[in-house]
Amino acid sequence: MSAEPEVRLTAWVHGRVQGVGFRWWTRSRALELGLTGFAANKPDGRVQVVAQGSREDCERLLGLLEGGDTPGRVDKVIADWSDAREQITGFHER
């Protein structure tokens, strides 16, 4: 296992991303990358994605979120980076 410290990616995904399987798709990609966290629908129509793991794997997830192969339609993704602040087990849809 790498000695690299874990990071936390918080991504706000804008577009038609609710009711189209986007959170399920995000969870599947995150688990494939070995990340922990969650994807949550927000009342304003966005999806909040919080992922923790290596910087490299979180950057890969961010690239997938910004790519064109997601369910629905992603108009933009706003990402914020920080140190992993808490222990999260698994990756969940909220």
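From the backbone N, Cα and C atoms, a Cβ is placed for every residue, glycine too.
Marked as active site by Swiss-Prot: Arg23, Asn41. What Swiss-Prot lists as domain 'Acylphosphatase-like' is 8-94, and the listing cites sequence analysis.
With a cut-off of 8 Å between CB atoms and residues at least 6 apart in sequence, the same chain places Ala39, Ala40, Asn41, Val47, Glu93, Arg94 near Arg23 (active site), listed in sequence order.
Counting every protein chain shown, the number of other Cβ atoms lying within 10 Å of the Cβ of Asn41 (active site) is 16. Secondary structure counts, DSSP: the domain 'Acylphosphatase-like' (8-94) has 23 helix, 36 strand, 28 coil.
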